[in-house]
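Quick look at what TrEMBL annotates:
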type	residues	note
DOMAIN	103-203	domain 'Ig-like'
DOMAIN	470-618	domain 'GAIN-B'
DOMAIN	622-882	domain 'G-protein coupled receptors family 2 profile 2'
TRANSMEM	624-646	transmembrane segment
TRANSMEM	658-680	transmembrane segment
TRANSMEM	700-723	transmembrane segment
TRANSMEM	735-762	transmembrane segment
TRANSMEM	782-805	transmembrane segment
TRANSMEM	825-847	transmembrane segment
TRANSMEM	859-881	transmembrane segment
């Protein structure tokens, strides 16, 4: 029955007074009600006319009409003299007469009484209505119904109502939750059906969040000092309950003086900070432990502490809980753990422990709204995600234990909430949660589930079993649901991603529910019973729930990544790994895999998907080429560096030669370090369980040193270009060019590598998830941070080579010895770049080919061959083919030989060496070597 709404207006003319009023009848409006011959029209007119004439002399009904809004009756009373009390008596009589025929209600203009007028969540609220107006003749036989937002309130442990002898009714909300906000309506009903009602709106205030810092700490008694204490609150004032501390305020600071000696019998001091302008009073506490041990860590956030002390810090604004960290030997806090939950989600978590059939629909709608409204905050907070998962689990438990039916609207709210938790933005948080569950486990629920990811899927399975018995479809951005009935067999195609074919089931009219998760792979770990780290979830996770016994089920999955191979048909087994959960093949088998579609046959229903792994080609030839080649490369680089060390002090007189050798040394060092980290990364990748932090570090250094290799090649090319066009004199000094070389050679790679890891590591898209330790390609395209700079440098170097060769060929032959030597150095640089640049370009062009065609054996072997021989090419074309380096080695060798023999045959040796040097000079011509006649003084200027 709907409420009567009265609107009274009195107008006066010379002879007649009009009284306008309105009331509502709780029944569907029909246009025919305005027909004077209609029964409703006649009954209402007669009731008003009769009571009007009985109470007021010469009274008549001037107008009567009906309109929608349930059914609203508008009427006007006309009489020479009519007062408001008389009009009210007329109305009471009309209601009494119509109550036996129609659902009429009277809405009292006075609102219900709320006590207290203002309050915080989780406190007790009392709502009082009545008594009804005396003219309505209510008595103790009346009944009462309370509604919230037009929905009857279910009386439970937190909602109680009663009727007093004075005919007032009281509703007591003993623990007020956010879902208790809204319009309260009290409906007092007579035996004849007439209803008197009152309404009023109420909303509670959020509980003040008091933040203190530090939450705990340690102080040394034998070393008197002061500790800074902080306390703040949103929208209120707080104060420390300690004599002599600062005055109240929204954000206060105080100093705690350490006692000279530890108080006898006391191990700690507790300082309370509380609100000063709220009822009730809210507080938070700081605990300072007394110690005689040396304080190692000092922090305003986590407090001061000894080694091993677990400090606690407050959460940021709008979050509740705390952070923890452990004081280490190095004097800093480490192993920071986050236990901060978004405050509005914490309120819902508390309420989820006390749900019933009345509060559940409103609660689920509010949960969906909160999750959507605070999307970024939820996605970035693993504890908040875990809290929402726990809420959904509580919903599943409550609906099952209390036999609550989940409506379509409520299920849509569940899907919207759960879908947000599976988005790509939440992937990083889920990785942290899963890692933590693997180590410590989450709080086990009654089903023995020991991880948040399993608990989310289990909650969906339980809630699905409580769905209303209807056929319907629900589609949200991340989850699709279809519920229908079938007899014996069933075929369904869902979003062109999954096809389900039930070949055999018992009974008829069996309900079946299918839920398709578009991004559950962000949540569930891709591991099977063998705990393989190379598998990937490569199809939509599909939940199938049916009351029928299904023993022959075929599922066809469209795979999401067609470069993966080795498909396995699996279902999620909640019992694996001590309740953490994992994928199992029990009862499922692969029928076929072709054209990106995997078909599976299973003998049961639950949550299914496809596991696949990178197509790792097990080729001994490829392994031999890679490891032998890398060994040759590293040995070549070591030899190259040894040779450079031998001739190093002989190359300082010519700037161009000196800078060329600096470049060669750094190219060799960069590639050598890259090869070393490549071996480390390969060892990490081959472990049964990959150490992700170590893999990330290896990837960073491989990326950095490979980039350094290319940027030092660019530095060599720029040096070549500069010395070619600068006519060999003037311009930049040697020091300036060295600075430019090192900034370019190591600075640019460091910036690129750092930006890459900073941009992709937080979302766990820096490395390849289930493959070698190298830059990610499929999710973040982080590999482009290497490929683009490398190939761009190859292109720039080739352009520079063309320009330099053109300049050298046009330059006149001749010049003095210095210019001839300089030209020799430039030719050496150009020759090495002309070979190494295309070689490196081809190598990493083949690297791109391995991404496009990862299963092409020819490309893989060619890339491995080129990649593993880079060091050998640097030795040959960067060092050994320079005849002056070889000459320098010969001279160094002969000099050391002469040093060893001079003491025993000085005259003979001197004569022999002198002859040898003369022959060498005649053979070499004017190559820029200048040797003294006695062989004791060498000059090596243009190498």
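Each Cβ is built from the backbone N, Cα and C atoms, and glycine gets one as well.
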Contact call for the transmembrane segment (782-805) against the transmembrane segment (700-723), three or more Cβ pairs under 8 Å: yes
Within the predicted model, mean pLDDT of the domain 'Ig-like' (103-203): 91
Among 658-680, 735-762, 859-881, stretch most in contact with the transmembrane segment (624-646) (C-beta, under 8 angstroms): 859-881
Residues in the domain 'GAIN-B' (470-618) grouped by DSSP into helix, strand and remaining coil: 7 helix, 87 strand, 55 coil
Secondary structure tally of the domain 'Ig-like' (103-203) (DSSP, helix then strand then coil): 6 helix, 48 strand, 47 coil
